Structure formats: C-alpha cells, structure tokens
Amino acid sequence: MAAVAMTPNPVQTLQEEAVCAICLDYFTDPVSIGCGHNFCRVCVTQLWGGEDEEDRDELDREEEEEEVGEEEEVEAVGAGGGWDTPMREEDYEGDMEEEAEEEEEVFWSSGIGGSNWDNMDYVWEEEEEEEEEELDYYLGDVADLRGEDEDEEEEVLEEDEEEELDPITQLPPPPAPRRCFTCPQCRKSFPRRSFRPNLQLANMVQVIRQMHPTPGRGSRVNEQGICPRHQEALKLFCEVDEEAICVVCRESRSHKQHSVVPLEEVVQEYKAKLQGHVEPLRKHLEAVQKMKAKEERRVTELKSQMKSELAAVASEFGRLTRFLAEEQAGLERRLREMHEAQLGRAGAAANRLEEQAAQLSRLLAEAQERSQQGGLRLLQDIKETFNRCEEIQLQPPEIWSPDPCQPHSHDFLTDAIVRKMSRMFCQAARVDLTLDPDTAHPALLLSPDRRGVRLAERRQEVPEHSKRFSADCCVLGAQGFRSGRHYWEVEVGGRRGWAVGAARESTHHKEKVGSGGSSVSSGDASSSRHHHRRRRLHLPQQLLLQREVWCVGTHGKRYQAQSSTEQTLLSPCEKPRRFGVYLDYEAGRLGFYNADTLAHVHTFSAAFLGERVFPFFRVLSKGTRIKLCP
C-alpha cells in the first residue's frame, strides 16, 4: 500500500516535463541543445550570453572578416619590423585584461539575471578556470620567448649591430581563447552555441496549457526538505501559494512578486494557531459529552415512565368489558406512538451528539498530532485543517421535556371511558358549578342561573366586596376544592379573548395590572372592550404572580397556556369549543381536554399548598361568552 501511495501522479509528472528548468514556467518557443535537454529560446540565449542561432551566420561572417584583418595586420607588423621588438609581458597582460573585461561587459549587458541564475554558478567558475589556465599558458610562453629573444639580440648585436632580425623567428600572435557553452542541467560543454527548435514539444506544451493553465506546485515539497527542481534546501515559504520553496524558486517568475518569509517562522506561527484550536475543541467535546450523557438519562427516564404508564393503563382496562378491551387497544396504540415519537426525537438527538463527539474527537486528535509535528509535515494541507477547526460549530439538541401528564394518564382514563360508554362522565367526580357574583368584575354580566358570563354593554353598579376583581375582567366559581379529583366542562363562544382554568384561594383581587397589561377598574364597558382587544395573549405577569392562576385561552386566533411560571403556545389539532378541566389536587395536576374528542390540550403541574382551588374564567371581548355545562 505504501508503494502505491508513493507512485507519482502521471498528470503531475507530465506538467513537470513541460516546465523550463531556467524560468520554472511552461516552455515558450522550446529549443533543444546538443545534449538533448530543452529550454525556452529566450532563456538559453540569455544564459549563454549571446544572440540566437538565426544570427550565427552573420557572426561567422564578422569573425572571418576579423581574421582576415588580423592576418593583414600581422603582415604589416612583420613588414614594419614590429615583431623585432621584444614583447613585454605587461603589454600582453594588459591586452588580455582588456579583452576579458570587454567579454564580461558584453556578457552581463545581455540581460542575464532573474530566476535560477544562482544555480548556474558552476558554469561561470568553469569558464573562469579555463580562461585563467589559457592566460597562464600564453603568459608563460611569452616570458620564455622574451628571454630567448634577449639572448639572441645580444648575440646579434655583438656580430653586427646594424643587422635586422629575421621576421620568421618572431613569436606568432597568440590565438584567442575559446569559449565553452555549458548545459545548465547536465553540465555538458559545447565548443559552439547550437540549438534547434523543438516543434513537437511546443505542441505538447500547448495541450498541457489547455488542461492546466499554470504549472503544478505540489511536487516541490518533499519530506527530505529538498527542492526536487533545483536540489536546494527548502528554507522559504511563499505566503501567496502557501508552499515551501528554495532560494532559486524565490527568484523565479512564479514567486518573484510574491511575499516570502523564512520557513521556520511560518512553522512556528502555524504551530501556535493549531495550539489555539486545541483548547476550544476540547471544550466543545466536553460540552457535547455532557449533553449526550444528559440525553441518555432522559431516554432512560422516558422509558421508565412509559413502562409505568402502560402498566397503569393495563390495570384500569383489566376491569372493563369487551368494549373496554377494544378501547384499551386503541389507547395503547396511540400512547405507544406518542412515546415512540418522543423516543425517536431523544434517540436522534443522542445520535447526533454522538456523531459530534466522534467528529470532535477525531479533529482534536488530528490537531494535537499536527501541532507536535514540525517542518513540512505540519504544513501539508494545513489550510484545510484550519478550515475544519474553524467551521466546527456546537449544535445542541432541541430542548424538550417529556410531559409528565400524558393525554391518557391513568387518573383520567377510567372517567373518560365510562363517560363515553354511558354519555356520563364519572358523576362521582363531576362538579355542578356556578359562578360567584361577589368575585365578578363590574364589566361582566352573569346569566340569571349563574352558569354563563359575558361583557356587559356598560359598567355595572355593584357593591364593593373584598373578593371582587377590579383590575381584570375575571370571575371565579362558587365552589372550591381542597382535595380529591374533580372535573367540569366549559363551553366557549366567540373566537377572541377568553380563558378558563383554576386559581388558588389566596389571590389579590384589587391589584393594578403591571407592564403586561392595564387596569380596567374605571371607565365604561366599551372603552374596556377596546382596551382588551389591544392586549397581549398572556395574562399580565403581575396578575399571575400574585394570584397563582393556571389557565388556557385565546387572544385572536392563537391558543396558549399561561401560569406564573409557564407560557406555552398551543397548536391543537382541532379548535375546541367545549373544554373539560380535570383537577387532581393530591397529584398537583390540572389538565385540559377537548371534551368532544377527549384530545389532550395541556396539563399543568401545580403546587396548591393546602389552599382551596376555584374554577377561573376570563372574558376580554364583546361577542365572547363562557357557559358552564351541567
């Protein structure tokens, strides 16, 4: 598997073969030199310090003309006796130095520089060594010949001072030093500059450009820290391309205009960034694990609750007839569906948290491992690691809690089924209620039998009473309960502004309504009705806090359940017109049901504290009426 993983990518290899070793970009007008390597025409021409092959014929002609001129000059010098004078070493050295300076000036003025020239130092060193050897050779010969000429001159002067030396014995002019042209890749040298166009390679490069507009970057970084292109140490980091480069790459066209920093600096910077992500990831993981444990406990509690309720349902239905067995099966089915839906939500939340925990664990381990690495291993895919660390977001599960009072709990099941069978609902627990006129707000009008209430046309003159509501259009039932189970039904008419429920005895009836609403203790009924139409859905908070009222009602088209500690928007499947209110004093439960379909609406868990609890009614708008069912 490791061998397969290290196999180079053919596409990447093809891209690399189409890149010039001098400019590190795709070939432009590629040419081949004598050793077979290919380069851009402009790059190799600048490297060799001359013009391209097209001007070679003209240069050859100029060289031939110069040779002819030199021969004529030699003949002229020989004829004039110039060679009779011994050559001085300093004269010859001066000529050689001038010639070397001219060649160097021409060479550097030809535009050599830019990318990858540092990698060509060996070319200049070899040429300088060859020139020095040739110069020493010629200077040595000149010195020897000069000595011989001096001896010969002395002998001739002794014989005949007027006799001239034979020009044939004079030193011939030194040949011009030859220049070598070296391949920048294989270092092979050539006596003449020669290259030819490579049309097939040019066509291939055009195809590669269409596939990949820019040369690949990934192959330059390896585990050994050596640039595979230039065999130089990777000591720099390009912040634009986000890759390690060598000093030769820094001078190339690809990176020359980019921001480059030392590799060690960026390694330390990225290490610090990774360390900065470790602690937040650890905290996220701990938070997810805590929520996961909490969800698992809730699932266990829900399962236990389901088992206990199913056992209670089975016990109640065991005493009923065949008809009750059918009802039992139907209710058990609905109950299981309800619990399975809750279990599904809880299980899904636990699974999501488990997935988040696993993901965070993997990412945390990766970040810790990467933060301990150094050099190039740390930088590989570092941006992707940062993105995944930064994109991690804690997704808490949906906040929900199982309703402790299910719509078909055992304390209501028997009475509901008996009522359905006999069209009566547990007469032992059913209450025949009436309204208490001493508690009614002056804007409320009670029916003669005290079973109905609505808004009056105008405010009524009623005697003062300590129990009377003076700040809100409410009325209580005449009967209160301190123990036992009790059930009553209420019929509501109109669609706006009503509430039914229960209130504890120790309520304050005279307080002004706080920020949640306004008082209606004065003014006529019309202004009261207009004011109540602008009220919020819920009961005023000051009223609820001091009265301990638990009620379900509407304002406009929306249903909601309201108490001093709870405010819940409701979405019943059907809009109930007849409510059943079920009070279990000892259990501290107050349940609301659709009396026509026995559908559960809402259940409060309340603390009655040994006080009497009275039925509670509220009317807010004209056209709304409440009637107690016998």
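Heads up, the Cβ atoms here are built off N, Cα and C, so glycines get one too.
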Choose the correct range: of 180-221, 222-263, 348-389, which one does Swiss-Prot annotate as zinc finger? Give that range.
222-263
Within a 10 Å radius around the Cβ, which one of these binding-site residues has the most neighbouring Cβ atoms: C227, C249?
C249
Quick check: in three-state DSSP terms, what is H230 (Zn(2+) binding site)?
coil
What Cα-Cα separation, expressed in whole Å, is found between C227 (Zn(2+) binding site) and S447 (phosphoserine)?
99
Fewest Cβ neighbours within 10 Å, where candidates are the recorded positions H230, H255, K256:
K256
Pairwise Cα distance for S447 (phosphoserine)/H255 (Zn(2+) binding site) [Å, integer]:
93
For S447 (phosphoserine), just count the other CB atoms lying within 10 A of its CB, please.
15
